[in-house]
């Protein structure tokens, strides 16, 4: 069988195996993501596997560069990738995407044993507040809705058609008044 036939068969198998699985995502017919761990789990991580043209005879490209993995240190990522590469070497020549995802699921605790969440959000927010200190307070003010008194609400409702729509032509300029104020150039 050619590499393309192997890929088509594996793609079909992956689609049927992971149908309805929220952790699995097909980015393209040759690129897949799988979230290892539940949403909200601090030890969850995302693996992306992309097939090369000659896959499965050549190794797929395995990546952990997804934004989802930003709280994982690069040392832990490298350790996970190294263990996955060992699994790739053992399965070279066979359809291995499912095997790699399952291997990662089975060994999640071992992979993440040295994981201490990198709190990048604090760093980013500190940088933002240092660079632009006025942004944070003003954004809080915008979130608060303006409180109107009953009289203000009535006045606003009288201006509109009681559905919140302003009547047609409410902002039109009276051409005659406008020209009489500005003075027409034809008069001179």
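Every residue, even glycine, has its Cβ placed from backbone N, Cα and C.
Those TrEMBL annotations? Automatic predictions, nothing curated.
Annotated compositional bias 'Basic and acidic residues' per TrEMBL: 155-166, in sequence order.
Confidence annotation: the domain 'RWD' (9-111) carries a mean pLDDT of 88 in the model. Under the heading domain 'RWD', TrEMBL lists 9-111.
Annotation source TrEMBL lists region 'Disordered' at 131-167.
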- Using DSSP, how many residues in the domain 'RWD' (9-111) fall into helix, strand and coil? 44 helix, 20 strand, 39 coil
